[in-house]
Amino acid sequence: MRVRNAKLLFSELKLWTSGRSSWMNRLHDGVSRCGKASFSSCSPKVCVVGSGPAGFYTAQHLIKARQDAEVDILERLPVPFGLVRFGVAPDHPEVKNVINTFTQTAQHPRCSFYGNVNVGKDVSIGELQQAYHAVVLSYGAEGNRSMGVPGEDLPGVYSAKDFVGWYNGLPSCRELQPDLSCETAVILGQGNVALDVARVLLSPINILKNTDITQPALDSLAKSRIRRVLIVGRRGPVQVACTIKELREMVNLPGTTPEMVAADFQGVAEALKDLPRPRKRLTELMLKTALETPGEKEQERRSKASRVWGLRFFRSPIEVLSDPGHHKVAGIRLAVNRVEGSGEGARAVLTGKVEEVSCGLVISSIGYRSLPIDPLVPFDSHKAIIPNTVGRVHQAPGLYCSGWVKTGPTGVIATTMNNSFDTARSLVEDMDSGSLDVSSAKPGSQFITALLENRGVKPVTFSDWEKINSVEVRRGEVNGKPREKVLTVEEMLQLARA
Amino acid sequence: MALAAALRRLAPVALGAFPRRTTAVTLGCGSRLAGTRRLSAGTQPLRSDNKVTIHFINRDGEKVTVKGSSGDTLLDVVINEDLDFDGFGACEGTLACSTCHLIFDEEVYKKLGRVTDEEMDMLDLAYGLTETSRLGCQICLTKSLDGMVARVPESVTDIRQSKDETA
């Protein structure tokens with residue numbers, strides 16, 4: 001009863017701010033349906049699988065839009081936030097500010113976090129559907145597209161996903177310890193992940209040492225002998241996949257100078273005028289960097305640079321070459337392409353010409369890939385997504401999806417935020433319209449925690465995570481870093497249970 | 001009125017409803033890039049002659065009229081007034097996202113001052129980008145902006161651009 005009165009008082013206060021009629025209607029819906037605002041046995045119970053941005057943004061919107069909904073977020077690792085922790089580059093701390101909002105969501109009385117729960121192994125989707133009115137799959141894209149060329153299993157060839165996981169402290173990538181003793185690294189792919197990797201490889205150690213990069217990665221990078229990073233794409237400058245912020249960071253990266261091939265930019269200036277503004281500005285920055293004679297100050301800066309980066313266009317990998325003993329990478333053979341068509345839809349076509357580049361490190365950054373989670377959940381293995389319409393999983397009532405498993409592994413965090421809000425809106429619409437039946441009581445986390453206990457799985461709660469968090473922050477302070485990440489699941493669990 | 005405002009700000013937290021970004025710290029004016037940060041709330045004088053009236057049009061097309069202090073950014077105002085714009089200001093005013101995208105009338109846009117390359121870079125990723133778009137975290141309130149209208153763009157699924165990770 002106290003809760004209800006409090007909610008009504010809250011709603012009166014909110015009325016003064018006006019302009020929120022839809023929000024108010026939903027609040028009253030929630031109140032009238034169940035007789036009280038929350039914590040009711042008949043409240044809609046939703047389970048979100050995955051605690052990255054997609055999971056948290058979906059939960060955030062659900063909690064707000066339905067004042068009676070209870071949301072549980074399940075996470076395989078003991079620590080939350082997915083790619084915000086393990087994907088976002090350590091020198092982009094601003095992007096990680098989203099964690100503050102996620103933390104508020106996790107601490108909301110109608111939201112619970114259960115880490116260390118592996119959906120598909122510890123608990124099945126079928127069991128989740130028994131316990132909850134709806135299940136939202138937002139488990140991301142943990143696989144990666146492979147190049148499919150000979151030599152890609154040689155030591156010295158890594159997927160960008162693993163390389164990023166290594167410097168960001170993903171427990172499964174801890175053993176990677178890449179050999180950085182060569183002079184040239186080749187990155188295949190020209191998306192933002194490729195540029196993140198290039199930037200981390202070439203950044204002065206002074207810039208990295210005050211970030212949350214892991215200590216082993218920082219030590220390795222301090223000893224790195226890599227002086228040249230080539231970022232290779234199969235199509236042309238107009239099709240480059242990175243966004244302008246990341247390109248500008250490369251252009252301005254202290255201690256480095258760009259090395260481009262002027263011939264790659266033939267006809268690009270002429271194509272500029274027809275491009276939409278974002279693509280146009282990105283292309284202009286590339287053209288300026290590649291072709292223009294820099295001013296005096298910039299010339300001086302470049303002449304002092306000890307490290308080099310370059311974009312290489314119209315090239316596809318055909319074989320990773322090994323040293324004579326087949327012990328490690330010695331180079332890469334690239335097919336020379338031309339582009340047919342124009343704009344985003346242009347296709348790379350082989351010319352028959354081939355060239356070789358010597359290098360001791362190859363990082364393939366040609367895209368992440370979602371994996372199927374459970375035979376119950378439809379999966380489009382060609383597109384590597386869960387087939388859906390605005391987040392409603394096809395032919396699977398009660399199942400929803402958001403984030404990269406819904407759209408494919410593209411977009412910045414705002415993209416994921418909007419697509420997650422869309423999924424939450426679909427789910428709320430279905431509850432409101434009755435097409436998702438929430439009238440019968442479901443046991444929610446009670447059922448699942450009992451089941452996990454029987455199976456010997458002990459979830460990590462959000463307050464457990466806060467213990468891990470405070471240890472990480474304390475360890476970081478010693479070295480002037482925002483945090484020193486705990487690198488193994490075992491230690492995370494140990495700290496959670498301390 | 002001051003009491004009402006204080007109550008209103010406290011209400012979500014005290015009553016267990018969704019606590020909206022009570023920890024947010026945003027960049028104030030004058031420090032346009034990440035690095036230097038300050039709390040702008042509470043540091044402004046409370047004299048009424050420093051107040052600037054802003055009319056926001058929310059995603060549902062409804063007008064929300066609030067007052068902000070000279071020197072605050074539009075993102076500060078949204079946070080201080082606890083305005084309910086979904087997902088607004090995700091990076092907390094550090095020029096690392098485009099979620100505080102606002103659209104202005106042309107006359108107002110001209111008064112807003114120079115746009116840095118870095119702001120343009122983030123705007124390029126905004127949904128529904130227009131010729132008179134700006135990021136709220138980069139707009140500093142001045143008396144000359146009194147009565148301005150700032151429209152929060154609708155987020156519409158089908159006009160979204162996607163940024164491919166692959167070339």
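The count begins at 1 with the first shown residue.
Any Cβ shown, glycine's included, is placed from N, Cα and C.
All TrEMBL annotations are machine predictions without curation.
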Additional site residue, A:Gly403, A:Gly411, A:Gly434 [criterion: listed by TrEMBL with A:Gln190, A:Gly191, A:Asn192, A:Val193, A:Arg234, A:Arg235, A:Glu246 for NADP(+)]: A:Gly411
Recorded FAD site member, picked from A:Ala54, A:Ala59, A:Ala106, A:Ala134, that accompanies A:Glu75, A:Leu83, A:Val119, A:Trp404, A:Gly411, A:Val412, A:Ile413 in TrEMBL: A:Ala54
Candidate with sparsest Cβ neighbourhood (10 Å radius) among A:Ala54, A:Leu83, A:Ile413, the listed binding-site residues: A:Leu83
List of the binding-site residues A:Glu75, A:Leu83, A:Gly191, A:Arg234, A:Arg235, A:Val412 facing chain B, defined by a Cβ pair under 8 Å: A:Gly191, A:Arg234, A:Arg235, A:Val412
For A:Val193 (NADP(+) binding site), the one of A:Ala54, A:Glu75, A:Val119, A:Trp404 that lies nearest, given that the binding-site residues are compared by Cα: A:Trp404
Residue from A:Arg234, A:Arg235, A:Glu246 whose C-alpha is spatially nearest that of A:Ala54 (FAD binding site), among the binding-site residues: A:Glu246
Closest of A:Glu75, A:Val119, A:Gly411, A:Ile413 to A:Asn192 (NADP(+) binding site), Cα positions, binding-site residues only: A:Gly411
Distance in Å spanning the most remote Cα pair of A:Ala54, A:Glu75, A:Leu83, A:Val119, A:Trp404, A:Gly411, A:Val412, A:Ile413, given for FAD: 26
Winner by Cβ contact number (other Cβ atoms within 10 Å) across the binding-site residues A:Gln190, A:Asn192: A:Gln190
